[in-house]
Amino acid sequence: MAALSSSVTTRSYHSGYLASFSPVNGDRHRSLSFLSASPQGLNPLDLCVRFQRKSGRASVFMQDGAIVTNSNSSESKTSLKGLKDEVLSALSQEAAKVGVESDGQSQSTVSITVVGASGDLAKKKIFPALFALYYEGCLPEHFTIFGYSRSKMTDVELRNMVSKTLTCRIDKRANCGEKMEEFLKRCFYHSGQYDSQEHFTELDKKLKEHEAGRISNRLFYLSIPPNIFVDAVKCASTSASSVNGWTRVIVEKPFGRDSETSAALTKSLKQYLEEDQIFRIDHYLGKELVENLSVLRFSNLIFEPLWSRQYIRNVQFIFSEDFGTEGRGGYFDNYGIIRDIMQNHLLQILALFAMETPVSLDAEDIRNEKVKVLRSMRPIRVEDVVIGQYKSHTKGGVTYPAYTDDKTVPKGSLTPTFAAAALFIDNARWDGVPFLMKAGKALHTRSAEIRVQFRHVPGNLYNRNTGSDLDQATNELVIRVQPDEAIYLKINNKVPGLGMRLDRSNLNLLYSARYSKEIPDAYERLLLDAIEGERRLFIRSDELDAAWSLFTPLLKEIEEKKRIPEYYPYGSRGPVGAHYLAAKHKVQWGDVSIDQ
């Protein structure tokens, strides 16, 4: 008999139920729909009837998975009518038992456990994001947050630690301090080892105390090193998972180092979790402008017809940080910039950009189209990749360290802190269009942007008649993900006057100027999606496999041949080789032009 998963949604119910009764045909399951009367109106209530052929018995399950009634179908000449009567009787008894909830409040609770609560990610991102969701009223009415890590700490000490990183998005917002106090009262702590069944069992007992008999939905956020993912998942799954609600686990990158280790990690996780319980987080997919990418394309007629090789000459995905590893070199040296940024953040954005129109906005439909893009990509040639590493540089009397000056980095390390690559998609829409990626640390600025450079105007009338620069007859769409989120389109126009001189101007949508509301942090969106079961912005296992299949051969060749990176000064625009790579494909990096 197939297992029946409990629904995410639960509702309070009253004693007057039947407004409609509609069986749905099926061998083993039939869905029954009722309307439950409440002071707020009529609410739909879905039940599932499960028939057991061998015994002839039928069980009716509530939305929360609880059995309402068991009956023998042979005992009733009209089994559906008999079941209906039994269900109504059982629901009336249940309503009397639970008590009428005239306010319609949910009888479920969400328990969020941050595993690795004493780490930087938890302190700087996860707890502040959870507080922001609470402040905006986005968390369920009944929720509890537990920090879990090896550090010895009390509830009060956790709250003191967390309180230092909490802020309201806009200063002096009403009731900010009061909201913080309310939020911190919902935060608790349990110390334990990540591989201890006993410690997770103790956590389970504490969670149950706070859940107070409600349907328990549990979310575990693994903010821990990848080498202990599986141990923590095993313990959480076997000793602290929900017995009557859902259990979900958010896994932070890196998801392995290559195809082999990624597949092994996925296989190990699936020993204890189903695929739909695993939420692989890439926080860049939660950024506002990345989310707006699909809206921009699919809801504006002026863009969608141009979204192909016929009009687009190249696409650039640019990521830069103006700081180095600075103490995190030990972690970074094991992965490098290609694994850290390109294989996940930039490749995920590329897949969203290049995908075909999905059937719907459903998570599976979108992820299906992204996988098709990744599987259509041409293997990356090592000749189409430039790697670099920042070196020491003195500017304004200040000396900035080289990557290998970091005490946590092995001397003589060849790990790249910069990479540029040209990628191609072998399908009808994008054949021949170079997709350029560039990512680096210790560069001249901090930014992340998508640049779409359109083809030259055919015939270039103004170049022929006035001698204007050829590039003045092209357009560029820029989506600035960070900082100062914006979308702008570069167009050509005539400079006022008697002559015929062209100028480039921007049609600019600067978010801070257009919208008074501050943009939510990416972690807020992703945490809320995980709580609500929305998987659109999380990475499916076949997406991950396709991404690693693309980059693993390149990484092996670079590392096995010990390719020496091109050195560039701290605070510069990166190695010169990146410009030669772009020129090779008849492209100029958009972020180096005068007007940018």
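Residue numbers in this text run from 1 along the chain shown.
Positions of Cβ are set from backbone N, Cα and C atoms, glycine also.
What Swiss-Prot lists as transit peptide is 1-59. Summarising the annotation, Swiss-Prot assigns N-acetylvaline to VAL60 and lists a large-scale study or a structure entry as the type of evidence. Summarising the annotation, Swiss-Prot assigns NADP(+) 1 binding site to GLY116, ALA117, SER118, GLY119, ASP120, LEU121, ALA122, LYS123, ARG150, LYS253. Under the heading disulfide bond, Swiss-Prot lists CYS168-CYS176, citing similarity to another entry as support. According to Swiss-Prot, the D-glucose 6-phosphate binding site annotation covers LYS253, HIS283, TYR284, LEU285, GLY286, LYS287, GLU321, ASP340, LYS441, ARG446, GLN482, on the basis of similarity to another entry. The active site, proton acceptor annotation in Swiss-Prot covers HIS345. What Swiss-Prot records for LYS438, ARG451, ARG480, TYR488, LEU489, LYS490, ARG573 is NADP(+) 2 binding site, and it gives similarity to another entry as the kind of evidence.
Structure coloured by features recorded in Swiss-Prot.
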| residue | record | CB count, 10 Å |
| --- | --- | --- |
| ASP120 | NADP(+) 1 binding site | 11 |
| ALA122 | NADP(+) 1 binding site | 24 |
| ARG150 | NADP(+) 1 binding site | 15 |
| CYS176 | disulfide bond | 16 |
| LYS253 | D-glucose 6-phosphate binding site | 18 |
| TYR284 | D-glucose 6-phosphate binding site | 20 |
| GLU321 | D-glucose 6-phosphate binding site | 18 |
| HIS345 | active site, proton acceptor | 23 |
| TYR488 | NADP(+) 2 binding site | 16 |
| LYS490 | NADP(+) 2 binding site | 21 |
Number of Cβ atoms other than its own within 10 Å, given for LEU489 (NADP(+) 2 binding site): 17
ASP120 (NADP(+) 1 binding site) to LEU489 (NADP(+) 2 binding site) - Cα separation in whole Å: 38
Residue among binding-site residues LYS438, ARG451, GLN482, LYS490 with Cα closest to the Cα of SER118 (NADP(+) 1 binding site): GLN482
Rounded inter-Cα distance in Å - ALA122 (NADP(+) 1 binding site), CYS168 (disulfide bond): 17
Among LYS441, ARG480 [binding-site residues], residue with fewest other Cβ within 10 Å: ARG480
For CYS168 (disulfide bond), nearby residues of its own chain (Cβ under 8 Å, 6 or more apart in sequence): TYR135, CYS176, LYS179
Lowest local Cβ density (other Cβ within 10 Å) among binding-site residues: LYS438, ARG573: ARG573
Where the record names LYS438, ARG451, ARG480, TYR488, LEU489, LYS490, ARG573 as binding NADP(+) 2, the maximum Cα to Cα distance in Å: 24
Packing count at ARG451 (NADP(+) 2 binding site) (other Cβ atoms within 10 Å of its Cβ): 21
Spatial neighbours of the residue listed as 'active site, proton acceptor', counting only the binding-site residues TYR284, GLU321, LYS490, ARG573 and Cα distances within 10 Å: TYR284
Distance [Cα-Cα, Å, rounded] between LYS441 (D-glucose 6-phosphate binding site) and ARG573 (NADP(+) 2 binding site): 10
